[in-house]
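Undergrad: Take this structure, written in structure tokens, and hold onto it; I'll ask about it next.
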Amino acid sequence: MLPFDELLVAVGEFGPYQKRLCMLSCITGIFFAFLYVGVVFLGSTPGHWCREPGGETIQEMCGWTEEEFRQLTVPRSTLGTFSSCQRFDVDWNITRVDCGNRQDDPSSLNNTRLAPCTNGWAFDPSLSTIVSEFQLVCENAWQADLNQAFLNVGLLLGALVIGYGADRYGRKLCFLISIFGFGISGIGMIFSPNYMVLLVIRIIQGVFGKGAWMSAYVLGKITEIVGSDQRRLVGTVAQLFFTAGVIILPGIAYLIPSWKTLQFSITAPCFLFLVYYWLLPESPRWLLSMKRTTEAMEIVKHMAKKNGKSLPQDYITPGLEDNLSSNPVPWDVFKTPQMKKITLILMYAWFTSSVVYQGLIMRTGIVWGNLHLEFFITGVVELPSALLFYLTVDWLGRRIPFAVSNIIGGLSCLATAFIPEDISWLKTAIAIIGRLGITLGFEIVYLISTELYPTTLRNLGVSVVSSLSDIGGIAAPFLLFRLASVWTELPMVLYGLMSLIYGALVFLLPETKGIDLPESTEDIEALKSVTLKKDFQYIGK
């Protein structure tokens, strides 16, 4: 049998052909970022207060502004801010108000009994979000958390369903179906008649969004058609496009305050990716694994031509057909002792990466103020992690930066929790270091997951382990807000401990630096975990 990686050497491991496909595929990462973190803006909570239909008549009669009306009808909290969930227990339809003496009215109501909002809420008119659309505040606020949770349910289902389909029916077909479904569901979300329908659509959007991202990045279009020495560069570029989406999104959201227009703006361009039917080929590595040698060799010949190479006749051999075709099932990732160990560790890695990464993003809404500006800053902070990823994973190997990034991230989270608030500069600096470490670890887990499964199981294997990130995403908002209600920094303690365990487990994985992508389960079993001593030998190379 002739390994596919030998073909790549002959036709060019990262020539103009692969570079073009890499750029085309990585662009999808921008829109996956919009999906993954878009809820921060689509589902933000505008300023709100109890709606008073009778009072609105008085406001109109007296010609008061919204602020003047609130001064009269909305009680204040102990902090002096307007109450969002309580109102004066007054029937404004029968209450006489002196339009010219409104400043004295609030004090006259100081001893008036308060009551919950019974007529719904009025929202800051400058911002329209899913929360204001469906009145998800006060006693209904918990329902707002379901938005991201249901999206992660869809991401989980997409990882399993589309992942299985891509290994059985091909990467390209699943990508095209997923990108079309992603666009339709994203626009359909705008027309949701009620919140329950929106949640169902979020699941569908998650399924297709995850399928499109995985098919484009993790599998056929990028990691399966470049040499092992170029995978870090491809991984870096893909992460930069995702980070670009994180950085661009707050600017778009700032310019478009209506959630429906924003949702349309970040979804509709996805239909342009359907032209990839003519621009992207099927993965030749997958075609060979399915014994479709003729189709695979046509793509390889075209690749050689575009790279200015000539494919020697010796490479076109029946030996390629010796690759085994199979119909994988999810439990195949536990088939051998080595694969079982790898899968369990990667499951915990993906779960922890998601809980901590999403938790740190959502935490900005708890501890900081200007949402658009601070979200932009958190995106910019991720840029150095891409550079660190590129510089370290081939110099030090995969395991050392993978483990150390999570250990540093974990220690930073623990330190941030116990640094006093009056040393804010130090608290912020340590938090940024922690965010860098966690982001770098998340980037490496993408790469190493594609390197630890054979071709016939690669899509399914990555789908199974990455599905734990979606379970982590479901748990993340509940862990953050419930723990923060006990102590604001308690989530950071949890993140720190989880990350330290994560970093220690990474040392049990085999090193994949410079190793060809495995073609069979036998190749996986042949990977032996290198000792810690040998890991550090990479530093001197």
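Even glycines carry a Cβ here, placed using N, Cα and C.
Unlike curated records, TrEMBL annotations are generated automatically.
Features from TrEMBL:
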- 22-513: domain 'Major facilitator superfamily (MFS) profile' (DOMAIN)
- 21-43: transmembrane segment (TRANSMEM)
- 149-166: transmembrane segment (TRANSMEM)
- 173-191: transmembrane segment (TRANSMEM)
- 197-220: transmembrane segment (TRANSMEM)
- 232-256: transmembrane segment (TRANSMEM)
- 262-280: transmembrane segment (TRANSMEM)
- 342-361: transmembrane segment (TRANSMEM)
- 373-393: transmembrane segment (TRANSMEM)
- 400-419: transmembrane segment (TRANSMEM)
- 425-448: transmembrane segment (TRANSMEM)
- 460-480: transmembrane segment (TRANSMEM)
- 492-509: transmembrane segment (TRANSMEM)
Undergrad: Need a quick answer: max count of Cβ pairs under 8 Å to the transmembrane segment (373-393), which of 21-43, 197-220, 232-256, 262-280, 492-509 is it?
TA: 232-256
Undergrad: Hey, does the transmembrane segment (460-480) touch the transmembrane segment (425-448), meaning at least 3 C-beta pairs closer than 8 angstroms, sequence gap 6 or more?
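TA: Contact absent: fewer than 3 Cβ pairs fall under 8 Å.
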Undergrad: Would you kindly check 21-43, 173-191, 400-419, 460-480 and say which stretch has the most C-beta pairs under 8 angstroms to the transmembrane segment (149-166)?
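TA: Highest pair count goes to 460-480.
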Undergrad: When you scan the chain for residues with a C-beta under 8 Å from the transmembrane segment (492-509), skipping those not six or more beyond its ends, what do you find?
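TA: Contacts of the transmembrane segment (492-509) (Cβ under 8 Å, skipping residues fewer than 6 from its ends): 341-342, 345-346, 348-349, 352-353, 355-356, 359-360, 398-399, 402-407, 409-414, 416-417, 437-438, 441, 448, 452, 479, 483, 529, 532, 535.
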Undergrad: How about long-range neighbours of the transmembrane segment (460-480): same chain, 6 or more residues beyond its ends, C-beta under 8 Å?
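TA: Distal contacts: 145, 148-149, 151-153, 155-156, 159-160, 162-164, 166-167, 206, 210, 214, 218-219, 328-330, 332-333, 343, 346-355, 358-359, 362-363, 366, 449-450, 452-453, 491, 494.
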Undergrad: Look over the recorded stretches 21-43, 173-191, 232-256 and say which has the most C-beta pairs under 8 A to the transmembrane segment (262-280).
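TA: Looking at each of 21-43, 173-191, 232-256 in turn, the most contacts to the transmembrane segment (262-280) are made by 173-191.
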Undergrad: Sequence-remote contacts (6 or more beyond its ends) of the transmembrane segment (21-43), Cβ cut-off under 8 Å?
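TA: Distant Cβ neighbours of the transmembrane segment (21-43) are 129-131, 136, 144, 147-148, 151, 179, 182, 186, 205-206, 209, 212-213, 216-217, 221-222, 225-226, 234, 237-246, 248-250, 253, 259, 262-263, 266-267, 269-270, 273, 276, 279-281, 361-362, 365, 371, 375.
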